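Report on one structure; see the data block that follows.
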Amino acid sequence: MVLPGSCHAAFTVLRQMESVVVLEQLGSSLFDTALQMVVKDRSINATYTDVSEKDSQQKFITDFFLIYNLIIGLTPILPAMLLARLGDRGWRRAPIMLPLSGYLLSRLALLLVVLFRLPLEVMYGAGVLMRVELLYGGAGLVGSLVSGHLFLLYSSCTQHGSILLSVSALLHLLCLLHSITLLQVKPVPIPEPEDACDLLPQAPGGVPVEAPAGRNMVNVALLFVAAMLYFSAVGGGVEILGAFVLKEPLSWSATQVGYGNAAGCAIFLTSFLGVMVFRRYVSDTSLILIGMLSFASGFYFMSFVTATYMFYLARSLTLFALIPMPTIRSLLSQQVPASSCGTALTSLQLALKFASLAYLPAFTKIYQRTLDWFPCFVFMLSSIITVLGMIPICVIGCRSPKRQRYEMIQGD
């Protein structure tokens, strides 16, 4: 049977990975808002003897997300390695289907928590299920915008959030079924040794830059330090931001939480556009500094937020905050031979994972200790750490011209 041209084009689109990403991110954006609001609802009865009632709610929220984020951040390390080996051996769908199954089960777990008033600690078990990072952007923006409205929908026999979580679970189920039945997975050819590193930059004529023969260990060390500082600043600040908007003076509703999450998703789009524009005119180090400065200025302003409009003004300053990490990985790949590129990038990712063991508890405890006198102190701390992370990048930028002149002299 021959399909009409329009139907054939639509079927081709459905078989691409992008359709899976859209479905997954729509479901995830709904889930993120639901989890945030469910935790807020459960915190109402939280009491701690050493803090006030309002601070007890913030302590409950931040303690929950501390444990939850540590679980979902660290448990995927070993499964990801095993799934990667399965993918390399020909099981190309395994690294896609199994994480999506974990997503679906975790969404169903939260739905059961809402419907049957199960303990919130059930989500710790759900967090152990396999998790992967897919693309954010337009789907997350749309999903976040409608998530707050869906959370408020309920009937006489359901709880707040049950409809939202049902839609989220349904989207993840469709995503999983799509990956099983429609997704077209092509075998990846084994690259030649000189092409093993995909992150090498290209010259203006489209010719890849030759990989270095040796390792520039000084630059590698500086990039590791910069990445860990910036990753800690962003991760710690954004983690607390979710709890901060639920308390006074903002006291956001579910709808406002959805809009706030949409603003965060929009940064993926603006950072992508920023890379496309700035890369034509500035070096990689300058590109990293632009992104770091964007985040540092935005979260410094966030330290003084007392109204919703100020929150969005602060968020608007972080438009390019997602540029640094991918660019750091790209720059790191230029400091080692192509045969060692995978090892270097894997080592960086592991270092960032273990860094979360330090910054997640640190930011949480600092926030809880400063709730009475300066609850926004952690945002200023994020800004300061980001500025410290800019120093190694500046050093690399200063060393590059000198190294190039040295190599030109040696060549002559």
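For all residues, glycine too, the Cβ spot is worked out from N, Cα and C.
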With TrEMBL as the source, identify the stretch among 8-31, 128-151 annotated transmembrane segment.
128-151
Let me check one thing: do the transmembrane segment (220-246) and the transmembrane segment (96-116) come into contact, meaning three or more Cβ pairs under 8 Å with sequence separation of at least 6?
no
Surrounding residues of the transmembrane segment (285-303) on its own chain - C-beta under 8 Å, 6+ positions past either end:
226, 230, 233-234, 237, 241, 271, 274-275, 278-279, 310-311, 313-324, 327-328, 331, 376-377, 379-380, 382-383, 386-387, 389-390, 393-394, 396-397, 400
